[in-house]
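Note sheet for the following structure.
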2 protein chains.
Amino acid sequence: MSEQTPLDPAADDSRGLPDGDPFGLPEGDPFGPHNLPYGVFSLAGEGDALRRVGVRLGSYVLDAGAAAAALGSPYVSLLARPTLNPLLAAGRTAWSDVRRALTAWVTVPAHRDAVRPLLHPLSDVTLHLPFEVADYVDFYASEHHATHLGQIFRPDAPTPLTPNWKHLPIGYHGRSGTVVVSGTEVVRPTGQRKAPADSAPVFGPSVRLDIEAEVGFVVGAPSAHGTPVPLADFREHVFGLCLLNDWSARDIQAWEYVPLGPFLGKSFATSVSAWITPLEALDTARVSPPERTHQLLPYLDDSAESVADEPGGYDLRMTVTLNGQVISEPPFSTVYWTAAQQLAHMTVNGASLRTGDLYGSGTVSGPSAGQYGSLIEITWNGRDPLELPDGKRTFLEDGDEVTLSAWAPGPDGTRVGLGEVTGRITAAR
Amino acid sequence: MSEQTPLDPAADDSRGLPDGDPFGLPEGDPFGPHNLPYGVFSLAGEGDALRRVGVRLGSYVLDAGAAAAALGSPYVSLLARPTLNPLLAAGRTAWSDVRRALTAWVTVPAHRDAVRPLLHPLSDVTLHLPFEVADYVDFYASEHHATHLGQIFRPDAPTPLTPNWKHLPIGYHGRSGTVVVSGTEVVRPTGQRKAPADSAPVFGPSVRLDIEAEVGFVVGAPSAHGTPVPLADFREHVFGLCLLNDWSARDIQAWEYVPLGPFLGKSFATSVSAWITPLEALDTARVSPPERTHQLLPYLDDSAESVADEPGGYDLRMTVTLNGQVISEPPFSTVYWTAAQQLAHMTVNGASLRTGDLYGSGTVSGPSAGQYGSLIEITWNGRDPLELPDGKRTFLEDGDEVTLSAWAPGPDGTRVGLGEVTGRITAAR
């Protein structure tokens, strides 16, 4: 077997990786040993009881707990588990140590024989929700997205952004119980809607079902109730990130949201990718956030000396496809409020963090056409339908499948792939 | 020892109840065998590892799992546990069976010797958060409360209620990670506020810290994702209720809440009573809700034949005290939207329920002065300060202690006591 052999499971009856170094992975694979995102998997036919932590390598999944056991590693207690939560709770030093160990297991030739049988082709595994979600918060951190929605819904307002927008990252709590893993079908939600011309609300399946292309941040280490988490402590608490699709029923949301915010228009489903990329894999993707146009209060001011050497943005190049057609490429680097600012804001009132807290960036939209993260922006509230091979779209139709994917600049010209998040709409029940 | 002996632990060195039937409880005790609310306790010095389910009887706590074990009951698997979640998850038939068993254990004289040593005076126990909160939702279901806030904040609007208010129970998700048990101190939250006259937001401790007197409903049996829970299935899913204080920083909330609703103004703490009263203990307290002024969509219409024989209201007489002074007596029976309607609405979009979901009614306010469930109403946004022995109050000051208590009509002229929820404000950190 040559080093050029692709990662074809059929080519290797040991179900491991072909020969070569590092283990024969094609050069430049976005899921190479520089990435190593975490998920939870089981093998076909095993059932839920055998869920366990997996680490993605190319188009394979390493049974991480089994590898730890085979190699006599103490991290078996963090990795031979049915969710990522024990690893998440272990804290930053442990995250680094485990990642260093994993890197060695998949790159040092001496480990090859032990590790190879523990690599399973992606096509053989079922991927599960990788962690137990504690609280789920969704922000509204993209200036371009917020501006577009202001232009659509408040065309006569003096400015498209609300007066608070540049002073704090606006957010709200969502439903953690309906966060689902990529691949889960999304049932079209039913509910009340009322157009201005309607005399009374109408009940039925949503007719304005939308996507929101987002990045989700996963909290590992908890914080004490009553004590804010400063900007500089972001990486002590946040383990990694995922892609997130915050499905939104615009018609349900429009009727319900005054005065207490979105509720049923969002709570039916939120999809996350099966792979959580540790922040350590994204050090080469860090960038400064957009220039701040307002003086920020100290707890949010990331121009301060103590944090300015840790740029808070991430250069994630996102792609949105609808039934396989690319419909948008939102640039995460254009998001105004950083994940560190969101964390500092979320806790400034003393709210505590728990292991498994998840917070979304809000829809990621760039300034230009082709960079919008929701259909309401892409079609400008339905005015400019998308032309797809199977017809026009304003909002989602039953059977439509939406996939978010992304990559970030890695070391030495490589790419760091993020796990995709996909979901197909099924008819209302 | 006579039947008249009060439940004084010092009077009985077996630390059980005095003689008599049922076990010498004073007649008419609101925590008599007709009540039997559930909590989680540990004894002084035992530490968290020995948390276990307790059932309140008078001023005693029955170690329910130990009683089950002593009496050879199969319910030891539901009761000898550190949270109520296993019991909650067991479903309505199990709830009834366990309650029937408990009633026998504390009333049948033959069980007296076995049960008595397992009763601990309340003064000897530490009460813990009784269940693991899954999602927390807060509604806005009192017409009087919503009307008062409309009058205060939108005095020029044509009507104080928003157009959607009579068509659906407005709600939003809150932070489940900061739900705390009665007695937990509440640290004054810090955050941004901006009065209309301020040119920029100001940062500091909240200066308009308020209470919201609410009733919380606790979900036991989960529901399938994608399938709404109809009105008639309310009691298949909801196990019981508690008192709930949704502490609110009005100044933080006012600046942040447009357009996505309350966030940091609420998320710093929500206090619940240590005792969960099973709905079965409140059958005598069921009342019809207020007359509906609008035709409701079928999924919310509780005048329909299938559910009209199960009145959806509960006659809970609430009392709010501030530093021991009664400041309000909100009548829960005046709340417009019932808990069954809230559940039907919360799931009509297909959102699933999980064991441990908690939803609050929203502030309970009656129509009259003396019945308002928040300081912003009681003082009419600070215009009419409360006169207390230690001075005037518009909003809460550091050191203030707020207690919500309540009772409901029980069988034969008795009262069913609800566990109180209390909290003291400590200075911002």
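Glycine residues also receive a Cβ, built from the backbone N, Cα and C atoms like all the rest.
Its Cβ taken as reference, B:HIS145 (active site, proton acceptor) is surrounded by 28 other Cβ atoms within 10 Å in the chains shown. The active site, proton acceptor annotation in TrEMBL covers B:HIS145.
The secondary structure of B:ASP246 (Ca(2+) binding site), as reduced to three states from DSSP, is coil rather than helix or strand. The Ca(2+) binding site annotation in TrEMBL covers B:ASP138, B:GLU212, B:GLU214, B:ASP246.
DSSP assigns B:ARG154 (substrate binding site) to coil in the three-state reduction, outside any helix or strand. Annotation comment: TrEMBL describes B:TYR140, B:ARG154, B:GLN253, B:TYR257, B:THR363 as substrate binding site.
The Cβ of B:ASP246 (Ca(2+) binding site) lies under 8 Å from the Cβ of B:ASP138, B:GLY174, B:ILE211, B:GLU212, B:GLU214, B:LYS266, B:THR270, B:GLY360, B:GLY362, B:THR363, each on the same chain and at least six residues away in sequence. Among the features that TrEMBL reports, Mg(2+) binding site is placed at B:ASP246, B:LYS266, B:THR270.
The domain 'Fumarylacetoacetase N-terminal' annotation in TrEMBL covers B:34-130.
Per-residue pLDDT, averaged across the domain 'Fumarylacetoacetase-like C-terminal' (B:138-424), gives 96. The feature domain 'Fumarylacetoacetase-like C-terminal' is assigned by TrEMBL to B:138-424.
Residues annotated as region 'Disordered' in TrEMBL: B:1-29.
Look at the binding-site residues B:GLN253, B:THR270, B:THR363 and count other Cβ atoms within 10 Å of each Cβ; B:GLN253 has the fewest.
Candidate binding-site residues B:GLU212, B:THR270, B:THR363 yield none lying near chain A, with Cβ-Cβ distance under 8 angstroms.
Between the listed binding-site residues, namely B:ARG154, B:LYS266, the fewest other CB atoms within 10 angstroms of a CB are found at B:ARG154. Cα-Cα distance from B:ARG154 (substrate binding site) to B:HIS145 (active site, proton acceptor): 14 Å (rounded to the nearest whole number).
Take the CB of B:GLU212 (Ca(2+) binding site) and look out to 10 A: across all protein chains shown you find 27 other CB atoms. Distance noted between the C-alpha atoms of B:GLN253 (substrate binding site) and B:HIS145 (active site, proton acceptor) is 17 Å. B:HIS145 (active site, proton acceptor) sits 18 Å from B:TYR257 (substrate binding site), taking the CA atoms of both as reference points. For the domain 'Fumarylacetoacetase N-terminal' (B:34-130), the DSSP counts in helix, strand and coil order read 49 helix, 23 strand, 25 coil. With the fewest other Cβ atoms inside 10 Å of its Cβ, the least crowded of the binding-site residues B:ASP138, B:GLU214 in this structure is B:ASP138.
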